[in-house]
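Undergrad: Quick one: this structure, given as structure tokens, is what I'll be asking you about.
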Amino acid sequence: MSKIRIYELAKELNISSKKLITLLLEEFGVEVKNHMSVIEEEDADLIKEFIEENEDKEEYLEDKYKNLPEEKSEKFKKNAGNTVKIADKNKSKQDKAVKDLNEQVSKENHKVEIEDTITVKEFSEKIGKPITEVIKQLIFMGVMAAINQEIDFSTAEKLGEKFDITVLKKKEDIDKGVAEQDEDEDEDTNVEKRPPVVTVMGHVDHGKTSLLDAIRKSKVTATEAGGITQHIGAYTVTINGEKITFLDTPGHEAFTAMRARGAQITDIVILVVAADDGIMPQTAEAINHCKAANVPIVVAINKIDRPGANVDKVKQELTEYQLVPEDWGGDTICIPVSAHTKEGIDTLLEMVLLTAEMQELKANSNRNGKGTVVEAKLDKGRGAVATLLIQNGTLSVGDSIIVGSTYGRIRAMFDDKGNKIKSAGPSIPVEILGLSEVPAAGDRFHQVKDEKTARDIAEKRKQKIREEYLQSTHKVSLEDLYNQIKEGKVKELNIIVKADVQGSIEALKQSLQKLSNEEVKVRVIHGAVGAITETDVTLASASNAIIIGFNVRPDSNAQAAAEKESVDVKTYRVIYNAIEDIKAAMVGMLEPDYKEVILGKAEIRQIYKISNIGTIAGCYVQEGKMVRNCKVRIIRDGIVIFESELASLKRFKDDVKEAAEGYECGLSIEKFNDIKEGDIVEAYDIEEIKKKEL
């Protein structure tokens, strides 16, 4: 880096070298030896900025530097050289004009943003404080850092507190192209009504696909092996001139997996319940998933054409899950339907549109497209294929998009019927070709100005987005629950309860919910009979919940998923223990207590000094026992003079594990040789005890 001499800089600034030398010392804490000394060009730029800011204060400069003491001038002339160093003395006063400027800066900027590290000089400039003040505070903090040395974020944060300035971590601008576009377009108020996105959920064999088939008026079920949905699809239907987009349910796992990734794509859930079967375990799971995601539910009571169908019984069961039908005074829409005879289908769709109208779903189609990946796969003939749900804007063939850490230019676009289309608007599902890699379901996509921008963002995201996503939500565990409550990270403790019998679930739910207090609310989001499954872990991960199992164990898949997702799974055989552990965690009682246990006492009766070994004490065990490698304290005249560990323990010439009461032994103390006859060696151990009572 180039350097500049003092006299050259003074000439540029049109001031004397003497004034410049004094300015450097008093304003920047930099001591130079004489006019031939050199400084870095970047430091010279700072000085120029300072002079320019004060150029209309010429009288101030003249008054300050015209009467420069002779002794100071002499000091600068001594030991001529070319070095520059930070002055390590504390200045007695600061220039009034600079103070006024600093006060103004601090009033206007109480917050500054920095990256992971910052140099001391850059930090000084950011907060508008003289470098000497910053270095002085660092020294008080025990950090010895020169002007160009870097400090980390935590140090900068503490340093900012010294100046009453909040230091924030600057988010890495890897999505600059996307962010700029969003800022420009978010101001656009040209929004219009968009179709609702509906997911169909329910228990196996309750007729989800048949209902969707009836709605679409096409025989999808007949083409699928065993009547089981083989793929995740998205379809659009039209009723009374209005569109509804259906996601052919990916099942509860994918529903919650998407939500765990931050992708909320469903506006309304149609919950399918068979009239002749009632609420089943997967139905209950679906209800809990919807509640956790805060998605409105429209209940379709299916198979009303079958003998044994009992609509009222289903409605009664729904009330147990706080879903009270409208005709019973509640706010849950329940529509009896038959996928077979198509009875009630139109009414169901009208109710979906009514629910959507209440939600006031809006989007702006006159902007660049963005949305979520519903499914993606690698096709041998076509490459990476992704089904996208456009949530805002319009997407067209030829557009460049960024999808998670993948990018591409749309080569072809197909609608839900497989027809080629050129563009699509909000709430419309499309299948696209042209991505560089297969994205993950739940990834967000954004349209950007060109493929180069998309590629640059994707490359940066590949380095950071995955780890940031995994770290974005800190999973709750009993061990650190108290700390998270205190830090304000946890306001609500979500719990999933699995047990061997229904009675145990009810008992646990009631007891756990009674633990709620002002700081944290305990909420049982799901309870079911049976082993802990991968589905439970997925829900726990999405809802940041703890899983409690009573007389049940997680299966191998659930264990692997829990480890991968950092979900806390606790199993118990006694309900009381589960309640006490949650209670203890909430008040911070899972931190262990330590208790000292006295093992024994021995009196030193003879001293042996052995070269290369040290001092050996011949002892008589008066109480308890002496144990090899145990902790000991040396007591002389009732006063503890040293604490250490037993280095060795012998009886006669043999090493022994312990010496019992009434026996003699020889021992040596780790790192201590100043023992005397009559000293007492007290052996003890530290036991860890977990508190179980509040």
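Each Cβ is built from the backbone N, Cα and C atoms, and glycine gets one as well.
Feature table excerpt (Swiss-Prot):
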BINDING   202-209, 248-252, 302-305  GTP binding site
DOMAIN    193-362  domain 'tr-type G'
REGION    202-209  region 'G1'
REGION    227-231  region 'G2'
REGION    248-251  region 'G3'
REGION    302-305  region 'G4'
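Describe the structural surroundings of these features, if you would.
TA: According to DSSP, GLY202 (GTP binding site) is assigned to a strand segment.
Across the residues of the region 'G1' (202-209), the predicted structure has a mean pLDDT of 76.
Beyond the region 'G4' (302-305), the same-chain residues lying 6 or more positions past its ends with a Cβ under 8 Å from any Cβ of the stretch are 206-207, 210-211, 272-277, 311, 336-341, 343-344.
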Undergrad: Within 10 Å of the Cβ of GLY202 (GTP binding site), how many other Cβ atoms can you find? Include all protein chains, please.
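TA: A 10 Å sphere around the Cβ of GLY202 (GTP binding site) contains 27 other Cβ atoms.
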Undergrad: Can you tell me whether DSSP puts LYS208 (GTP binding site) in helix, strand or coil?
TA: helix
Undergrad: Going along the chain, which residues six or more apart from ILE304 (GTP binding site) have their CB under 8 A from its CB?
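TA: Long-range Cβ contacts: ALA275, VAL311, PRO336, VAL337, SER338, GLU343, GLY344.
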Undergrad: Need the DSSP three-state call for ILE304 (GTP binding site) to compare against my parser.
TA: coil
Undergrad: By the count of other Cβ atoms within 10 Å, pick out the sparsest of the binding-site residues ASP205, LYS208.
TA: ASP205
